[in-house]
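**Q** Could you have a look at this structure, given as structure tokens, before my questions?
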Amino acid sequence: MCGIVGIVGNHSVNQTIYDALTVLQHRGQDAAGIVTIDHGAFRLRKANGLVKDVFEPKHMQRLQGQEGIGHVRYPTAGSSSASEAQPFYVNSPFGMAIAHNGNLTNTEALRETLVKQRRHVNTTSDSEVLLNLLAHEIAKNDSAQLTADEVFAAVAAVHQQARGAYAVAVMIINQGLVAFRDPYGIRPLVLGQRESEDGTLEYMVASESVALDAVGFKFLRDVAPGEAVFISADRQLFTQQCAEAPSYSPCIFEYVYFARPDSTIDKVSVYASRVNMGVKLGEKIKREWEDNDIDVVIPIPETSCDIALEIANRLDLPYRQGFVKNRYIGRTFIMPGQQQRRKSVRRKLNAISAEFKDKNVLLVDDSIVRGTTSEQIIEMAREAGAKKVYFASAAPEIRFPNVYGIDMPTSNELIAHGRDVQEISEIIGADGMVFQDLGDLVDAVAELNPDIKQFETSVFDGNYVTNDVDQSYLDHLTSLRNDDAKAKRNMELGTSLELHNHT
Ligand SMILES: O=P(O)(O)OC[C@H]1O[C@H](OP(=O)(O)OP(=O)(O)O)[C@H](O)[C@@H]1O
Ligand SMILES: NC(=O)CC[C@H](N)C(=O)O
Ligand SMILES: [Mg+2]
């Protein structure tokens, strides 16, 4: 997952974009970047690292201007080299820069078409392909000042050609900010506004509403699937549906794990959806495991805490925060390699023995993906003196790769792939385990917004909403993105040609 921000303001935007990226840091820890427009020229700073490390005071001083976009990256295509950090830039037409969250599923075909159109894509990133696709469509107009209709026609043409997931913010020099969401609305995007002291309006788009809250913008609404928003250089807001057949299918994993609990996505509070997941799973445990001997419910920080508390309530059992999280270590799952992920679990979490000694504990996590966390945490619970260790997952078994912006490209890396609950339980070393049913997970979110009739649930059921993902595509993805292939590519790739990046 990545986080994106775009602002057209009446003040310098560097600090506001920085602050917004800081609260979107949970969506991507690998690289960060900001582009602003200063007197008709782009200013860029992007590098690998967390927001607080990438932008030094000297970079902030150079990022002048009242319009800009920002990005935090969790790579799901190409390499994790700094040259594939975002925003990406093309110099024609006008000068355009993109921040993209999501992942295209027809990158190779689009790349070939772009080559025939004599456009150059310099990296292996799908986001650079998407930028060039939009640039090609925008270039079909010859007016010096783009109209909103011309921008929307270009976005409509992108929708017709691009497949996969994309929520994007694009700055166009002297024209304005364009933001849009793919026709399924797989990745989130919100629109906000702030009134300046002089009564003029500033606009902001962001991946999550929490970014608007943090910098004092008022939430206006979610951008609809397929819809585009254009804020012109003279600060006028235009919006239009640009997809022929939009169909709301937001990614359910945003609610399970990715998004911050204090965000609202597609009119659903992420926090409330997690509480609901706890209600459903608690009821299932009560129903199917009537004579359980659980003494205490313990969450695996941080994402599962709200879920575990509700399970404890349902089971009428104590809830104890038996693991302490080192607040200086980021999220484990979105780290780039398995070795790094394994090492960080023990550095990140430590057990308080008194909560485990001689007890039968139910550990609760939001999801089990590779099993990196659950395997080690069960070992730690036993070392801390637990008698029996049971395990509950608020998401069902994850058995299929994700192709829409979550880096789970290979089914073999998923612990639940080809295994039943008993086998998974044995591998992670639990005395018993329970997974949420998919119907319950969907209901936990859908009950909070009945207008959403469908979710993107492919990691659980193998149904890919874009209907273009077959086994040969998944095999190709595996060859490109298994852990070994990624490590090899990252060794080979150096920096590429790009807009001047302040170092
Ligand atoms: O089965 P795995 O491959 O280990 O992946 C699943 C784990 O990773 C995530 O935690 P993470 O540490 O990323 O973040 P959190 O602190 O927000 O829970 C998630 O919450 C699970 O705990
Ligand atoms: N997780 C994401 O949204 C990634 C965006 C893009 N596919 C990249 O790899 O940079
Ligand atoms: Mg976790």
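Glycine is no exception: its Cβ is also placed from the backbone N, Cα and C atoms.
Pulled from TrEMBL, these are the listed features:
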ACT_SITE  CYS2  active site, nucleophile
BINDING   THR303, ASP365, ASP366  Mg(2+) binding site
DOMAIN    2-234  domain 'Glutamine amidotransferase type-2'
**Q** Give the sequence-ordered set of same-chain residues, not counting THR303, ASP365, ASP366, with Cβ within 8 Å of the centre of the Cβ atoms defining the Mg(2+) site.
**A** VAL256, TYR257, PRO299, ILE300, SER304, ILE307, VAL364, SER367, SER393, ALA394, ALA395
**Q** Counting Cβ neighbours within 10 Å across all chains shown, tell me which of the binding-site residues ASP365, ASP366 comes out on top.
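**A** Going through ASP365, ASP366 one by one, the largest Cβ count within 10 Å is at ASP366.
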**Q** Ranked by the number of other Cβ atoms within 10 Å of their own Cβ, which of the recorded positions CYS2, THR303 ranks first?
**A** CYS2
**Q** Could you state the whole-number distance in Å separating the C-alpha atoms of ASP365 (Mg(2+) binding site) and CYS2 (active site, nucleophile)?
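**A** Between the Cα atoms of ASP365 (Mg(2+) binding site) and CYS2 (active site, nucleophile), the distance comes to 22 Å.
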**Q** Of CYS2, THR303, ASP365, ASP366, which recorded positions come close to ligand 2, meaning Cβ under 6 Å from one of its atoms?
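**A** Only CYS2 qualify.
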**Q** What mean pLDDT does the predicted model reach across the domain 'Glutamine amidotransferase type-2' (2-234)?
**A** 96
**Q** In whole Å, note down how far the CA of CYS2 (active site, nucleophile) lies from the CA of ASP366 (Mg(2+) binding site).
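**A** ASP366 (Mg(2+) binding site) and CYS2 (active site, nucleophile) have their Cα atoms 20 Å apart.
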**Q** Could you state the whole-number distance in Å separating the C-alpha atoms of CYS2 (active site, nucleophile) and THR303 (Mg(2+) binding site)?
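**A** Distance (Cα to Cα, whole Å): 17 Å.
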**Q** Taking DSSP as the reference, which of helix, strand or coil describes ASP365 (Mg(2+) binding site)?
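**A** ASP365 (Mg(2+) binding site) sits in a strand per DSSP.
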